[in-house]
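For reference, the structure is listed below as structure tokens.
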Amino acid sequence: MTKKNVIVIGNGMVGHKFCEKLIAKSNEFQIIVFGEEPRIAYDRVHLSSYFDGKTVEDLSLSSLDWYHQNNIQLYLGDAVTEVNRTEKIVHTQSGRTQNYDYLVMATGSAPFVPNIPGVEKEGVFVYRTIEDLDKMKAHASKCKTGAVMGGGLLGLEAGKALLDLGIKETHIVEFASRLMPRQIDDAGSKLLQGKLAQLNLTVHLNKNTSAVLGEKKITGLAFADGSELALDMLVISAGIRPRDEIARLCGLEVSSRGGIVVNGFMQTSDESIFAIGECALFNSMIYGLVAPGYEMAEVAASFLCEGDKQFKGFDMSTKLKLIGVDVASFGDAFISEPDCTSIIFEDTHKGIYKRINITSDGKQLLGGILIGDAEAYNMLLQTVNNKIVLPPNPEDLILGARGGESTVGASVMGLPDDALICSCEAVSKGAICNAVINQDLKTFDEVKKCTKAGSGCGGCVPMVKDLINGTLTENGMYIKNVLCEHFDYSRQELLDLIKMNKIETYDQVLDTFGKGDGCEVCKPAVASILASLWNDLILKQDTIQDSNDRFLANIQKGGTYSVVPRIPGGEITPDKLIVIGQVAKEFNLYTKITGGQRIDLFGAHLVDLPAIWSKLIDAGFESGHAYGKSLRTVKSCVGSTWCRFGLHDSVSFAIEIEDRYKGLRSPHKLKGGVSGCIRECAEAKSKDFGIIATEKGWNLYICGNGGSKPQHAELLASDIDSETCIKYLDRFLMFYVRTADPLTRTATWLNKMEGGMAYLKNVIINDSLGIAEELEEAMRYHISTYACEWKAAIENPEMRKRFSHFINAPEEKDPSVKFETMRDQVKAETW
Amino acid sequence: MSEIIELNREIEKLQGAEDLFFACYSDDVPQNGGVCVKYKNEQIAIFNFTRRGEWYATQNMCPHKQQMALSRGMIGSSGEECEPKVACPFHKKSFSLKTGDCLTGEDYKIRIFPVIINNGKVFIEVKSIG
């Protein structure tokens with residue numbers, strides 16, 4: 001039986017692997033190999049070890065003997081120049097001709113040399129073959145400074161090679177904004193850069209080389225930004241170019257950007273010709289690593305033996321030791337929100353950076369990056385590849401399991417270490433506290449940068465701050481609770497200062513007590529203080545308000561707003577219900593009953609808000625302040641008017657209370673509830689204040705919270721009459737407004753209060769601070785100065801003008817707003 | 001003399017600028033706040049940083065969730081250098097008004113445009129916009 005001829009073009013790592021695979025599978029083929037290089041296949045991955053003592057033999061993957069023993073004809077230093085596909089013959093440089101049944105192109109790639117003036121100068125090298133290394137070696141003895149152009153994987157290897165060659169001053173010049181842009185992210189790059197600096201490798205990022213300087217020999221590089229770098233030698237490692245020339249010449253399908261197009265069997269557009277390794281383009285992708293090349297060799301060899309293996313793309317996960325630093329990148333290393341959540345651990349002291357990306361439901365690992373410590377690489381790669389379900393605390397994967405502590409009361413410090421604090425970024429309490437302790441962090445911004453906690457929706461920010469302060473306190477450090485970088489005061493201190501000095505504008509506050517130009521933290525905080533103290537129309541200082549307060553509506557996905565008219569106690573007449581329906585229909589709004597017994601209308605264009613509110617106000621509605629840090633609703637059960645169990649008229653009392661405190665600006669939103677009996681249908685104990693009817697009067701509970709950390713309100717006073725109840729509420733609410741930190745709900749405020757409920761009871765009921773009268777007076781002032789903000793806004797043409805999207809096309813709506821339909825209503829387009 | 005120099009600067013600015021687009025009047029833009037203007041199919045945010053006596057223009061879209069929102073964001077400064085910035089109202093991603101760089105640690109970058117104020121009118125240099 002005559003054997004079929006298989007010609008392999010190229011004797012690199014992948015070409016050699018193909019021979020091994022085919023020999024192992026079958027003896028029905030006569031293999032003929034043509035290699036351009038004079039050497040037998042060698043290990044290019046560890047090329048730099050050639051400079052620290054490895055010989056050519058050490059690097060060789062095989063020997064001439066092996067080829068001989070396996071009856072493979074090997075022609076080195078003889079490149080194939082032409083393929084005649086009709087006659088199935090190849091021609092080589094030396095004039096050989098050889099017929100084939102199957103042809104395998106394993107031509108690899110060539111270093112990409114960018115078209116920069118002067119690259120032809122003496123002292124400029126590429127880094128791919130042993131010959132390249134020999135040339136570098138010969139030149140390097142005369143050199144003091146050298147650089148590598150390209151900060152990718154290979155470029156860093158080349159940098160190490162220069163160090164090994166004894167070049168004292170070595171630079172890495174990278175066009176992108178980070179090192180190894182395909183494998184690691186910015187944070188990882190920064191860390192790696194620091195490590196390289198310790199080894200005398202100076203990294204220059206964002207450098208666009210415009211010329212190679214020098215007469216005949218290189219003397220330096222000139223960059224587009226005008227700077228220059230003096231050099232004695234340069235190694236270019238700017239990427240690869242697939243060697244597809246022969247394929248192009250013989251008319252195989254190739255990509256305009258380089259690469260021989262192959263299918264899953266590694267077959268080119270000619271069914272008897274295959275391409276494997278770096279010259280092959282599968283699914284528009286070149287695989288520039290050795291592992292996928294080997295897999296391609298396996299697939300092609302298997303296909304010739306009538307196997308049905310297919311190449312399905314390849315996991316580009318890599319782990320390597322770069323100049324003594326572990327660097328690993330696996331799975332989907334770069335996927336980010338909203339397609340996943342990332343857990344990031346960074347320790348700049350030890351030089352460790354770890355990032356894992358997990359599915360939003362926290363069940364599966366998608367990929368990640370490890371720098372400095374890649375011990376977990378294999379386990380993590382396994383977890384990705386086998387879709388292993390993650391433990392409840394996925395951060396353990398990179399941080400190791402950490403035990404909980406005994407609980408210390410209801411404060412955040414009492415939470416177990418694995419309690420999830422930031423659910424957007426999946427950061428645990430332990431991660432935050434560890435960051436504070438191990439990295440000597442003191443401010444929220446530092447912790448946010450380090451752990452990512454609080455960088456998503458921001459809902460956890462107060463908790464993160466408490467953890468930072470709590471951790472610092474436990475470690476015996478003094479903390480000053482300041483508003484932000486522009487004010488060295490806490491909210492309470494600032495409130496007192498503003499009050500004493502009777503200051504009414506933000507700019508005055510900033511000029512008198514602050515520095516810089518303010519920010520999105522102190523502006524709304526001061527706005528809230530000013531509103532609490534003076535109850536002036538907030539639109540008079542609209543640009544210091546959070547966007548919601550600035551436009552008196554809640555910004556929602558897509559940039560439209562939602563509108564919530566006040567429906568005190570959840571009681572509404574049929575006529576008013578009809579008006580809401582009509583308005584929603586006219587302006588194409590989505591309607592939903594809220595948790596606080598009101599109706600939210602979504603999808604309102606900014607330009608439509610004044611018209612919508614005019615109609616609502618005409619029908620007797622008022623602003624519901626759903627957009628403000630202020631009183632939202634007082635929820636009620638139906639009470640004694642209809643309910644056969646009801647003790648008192650909870651609806652009437654809820655309406656009275658809601659009307660009393662409506663518009664009260666506070667550190668955070670406020671919610672209340674009134675239940676007509678012990679069955680507690682209004683769920684009042686989950687509110688900031690809850691009133692529950694008893695046989696003898698009302699029980700008043702305060703500082704409850706639903707939300708992310710539910711907490712029942714605690715009893716302040718029992719069996720009190722309506723008047724006393726209101727008096728206590730006045731004092732309680734004003735005390736909270738005066739003393740709480742920004743964005744702190746009453747529950748958290750109480751949890752942090754020294755002396756807790758006993759102290760608060762003393763202040764409110766026994767007037768232990770002697771401020772009860774002042775607090776009540778402040779509340780009376782608030783009530784007497786209340787005005788519906790929306791009514792004021794629509795009646796003032798100047799203010800009304802602000803409700804436009806385009807200042808130069810005020811009638812036009814934002815054209816980027818798009819709706820989808822769901823259950824017969826509009827919904828915002830998903831982002 | 002300083003007025004003449006200022007006038008000269010203004011003229012230099014205008015001569016150096018290309019494709020100026022009249023966006024709005026300067027008193028259309030709230031003090032220390034922003035507005036959005038429409039230019040062809042683009043949305044540009046203009047900020048009147050009264051406190052610093054400076055004007056800035058950026059793309060209106062926040063690159064984080066592609067929302068047309070930056071003009072509604074709060075402006076302020078950051079760091080020792082008092083880098084002027086805007087915070088997106090959606091998730092408080094902050095961007096330098098000078099460079100367009102994201103200041104909250106992410107990889108985003110927004111486009112910025114030169115602003116020229118002349119005679120109470122706000123012009124934006126739109127050479128770089130297609």
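Including glycine, each Cβ sits where the backbone N, Cα and C put it.
As recorded in TrEMBL:
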type    : residues                               : note
BINDING : A:CYS637, A:CYS643, A:CYS677, A:CYS681 : [4Fe-4S] cluster binding site
BINDING : A:CYS681                               : siroheme binding site
DOMAIN  : A:5-297                                : domain 'FAD/NAD(P)-binding'
DOMAIN  : A:317-388                              : domain 'NADH-rubredoxin oxidoreductase C-terminal'
DOMAIN  : A:420-468                              : domain 'BFD-like [2Fe-2S]-binding'
DOMAIN  : A:556-616                              : domain 'Nitrite/Sulfite reductase ferredoxin-like'
DOMAIN  : A:628-753                              : domain 'Nitrite/sulphite reductase 4Fe-4S'
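Annotated features, which come from TrEMBL, shown on the structure.
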{"residue": "A:CYS637", "record": "[4Fe-4S] cluster binding site", "DSSP class": "coil"}
{"residue": "A:CYS643", "record": "[4Fe-4S] cluster binding site", "DSSP class": "coil"}
{"residue": "A:CYS677", "record": "[4Fe-4S] cluster binding site", "DSSP class": "coil"}
For the domain 'Nitrite/Sulfite reductase ferredoxin-like' (A:556-616), residues assigned helix / strand / coil by DSSP: 30 helix, 14 strand, 17 coil
Shell list ([4Fe-4S] cluster; ref centroid = CB of A:CYS637, A:CYS643, A:CYS677, A:CYS681; cutoff 8 A): A:VAL638, A:GLY639, A:PHE645, A:GLY646, A:SER650, A:SER675, A:GLY676, A:ARG679, A:GLU680, A:ALA682
Site of maximum Cβ density within 10 Å, from binding-site residues A:CYS637, A:CYS643, A:CYS677, A:CYS681: A:CYS637
Secondary structure tally of the domain 'NADH-rubredoxin oxidoreductase C-terminal' (A:317-388) (DSSP, helix then strand then coil): 9 helix, 33 strand, 30 coil
Secondary structure composition of the domain 'Nitrite/sulphite reductase 4Fe-4S' (A:628-753) [DSSP: H/G/I, E/B, coil]: 43 helix, 33 strand, 50 coil
